[in-house]
């Protein structure tokens with residue numbers, strides 16, 4: 001639950017359990033926190049908290065969906081029809097024991113009568129994390145404007161969804177900045193590209209081939225057909241505006257780089273993968289925020305420097321999946337400037353295209369020092385702009401050609 005205060009979201013300070021209890025007392029439903037008409041009138045296992053054996057019978061401590069933790073009860077195994085939750089419980093227990101034993105496999109002893117408090121605590125935290133990540137995944141997929149799915153995965157630690165990140169599909173301009181310059185004309189092509197198609201009118205060649213793959217070199221702009229063009233949605237010059245066509249997974253990296261993004265589908269060379277979006281602010285405001293972000297140890301500032309240095313995209317609080325893409329000195333994505341419904345050269349849209357074939361399950365990365373991408377870092381503050389050197393940051397990309405530092 002969030003309140004609106006000017007241009008900022010204020011997170012609710014009440015715990016999930018408190019909100020559930022309030023809803024139940026007032027007989028209110030709230031799907032986002034697990035309170036439905038069904039849960040108001042019935043008991044459903046949300047997760048298992050603990051385990052014990054008494055008089056030869058196994059019992060699990062049950063957290064009931066939509067009920068506060070104060071309502072947890074011990075239930076015999078035979079009363080529980082939730083094999084997946086029991087499987088999660090046992091897997092989390094084994095995972096904890098394996099980590100305690102420095103990664104060595106631990107065989108579960110069936111005669112254990114009670115769990116140590118530390119194990120039960122870990123199991124509860126893992127269950128809450130699993131629920132929080134599931135809700136975050138559902139929220140991301142409600143808000144996205146493309147058909148491909150967004151998944152979320154953390155098998156590394158107990159980190160949950162970012163608390164101060166809000167998903168958007170397009171630029172969020174600061175007051176006084178117009179990211180739509182009032183374009184009122186488009187091409188008259190019946191079958192793009194014709195002689196006077198959008199790229200040729202701008203003085204450039206069409207960016208895509210007949211297979212809708214990129215055919216221009218880095219540094220050249222992309223001019224796509226706009227909302228006033230005569231051509232239809234299947235026009236081969238409408239690629240970036242349709243959003244990412246690939247299902248992607250936001251996942252927790254295991255080498256200290258925070259969150260990352262991997263593709264769940266094979267991506268061919270020169271294919272559009274995603275846009276980089278966020279708040280559009282002035283460069284002066286970006287400098288002010290950059291100093292604040294430095295003190296926090298992270299920033300997501302991306303200068304729009306195709307024609308000038310007047311504006312910057314800040315994806316720290318508002319962004320899409322690209323917010324989580326990490327740096328690599330040997331990246332598989334490349335930045336391109338795109339113009340569609342705004343022909344202001346100071347305000348291009350930023351698109352990421354594949355530089356080679358990318359296998360399903362492979363992490364997506366781009367070089368934070370490539371032209372057009374500066375002062376952009378991951379959750380773990382991996383990089384800072386060469387033009388705004390404030391600290392010397394070690395690179396963790398692991399590439400054979402790694403430069404060692406990000407600045």
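Each Cβ is built from the backbone N, Cα and C atoms, and glycine gets one as well.
Annotations in TrEMBL come from automatic prediction, not curation.
Taken from TrEMBL as is:
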{"type": "DOMAIN", "residues": "43-101", "note": "domain 'Chromo'"}
{"type": "DOMAIN", "residues": "185-243", "note": "domain 'Pre-SET'"}
{"type": "BINDING", "residues": "187, 198, 225, 229", "note": "Zn(2+) 2 binding site"}
{"type": "BINDING", "residues": "187, 189, 192, 197", "note": "Zn(2+) 1 binding site"}
{"type": "DOMAIN", "residues": "246-369", "note": "domain 'SET'"}
{"type": "BINDING", "residues": "329, 395, 397, 402", "note": "Zn(2+) 4 binding site"}
{"type": "DOMAIN", "residues": "391-407", "note": "domain 'Post-SET'"}
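Among the binding-site residues 329, 395, 397, 402, no residue is found with its Cα located within 10 Å of the Cα of residue 198 (Zn(2+) 2 binding site). Spacing of residue 395 (Zn(2+) 4 binding site) relative to residue 225 (Zn(2+) 2 binding site) is 39 Å (Cα to Cα, whole number). By a simple count of nearby Cβ atoms, those within 10 Å, the most crowded of the binding-site residues 197, 198, 329 is 198. With the fewest other C-beta atoms within 10 Å around its C-beta, 402 stands out among the binding-site residues 187, 192, 225, 395, 402. Cα distances from residue 397 (Zn(2+) 4 binding site) to the binding-site residues 192, 225, 229 are smallest for 225. If you average pLDDT over the domain 'Pre-SET' (185-243) in this model, you get 94. Within 8 Å of the Cβ centroid of the Zn(2+) 1 site, not counting the listed residues 187, 189, 192, 197, the chain contributes 188, 191, 193, 194, 196, 198, 225, 229, 230, 231, 235, 237.
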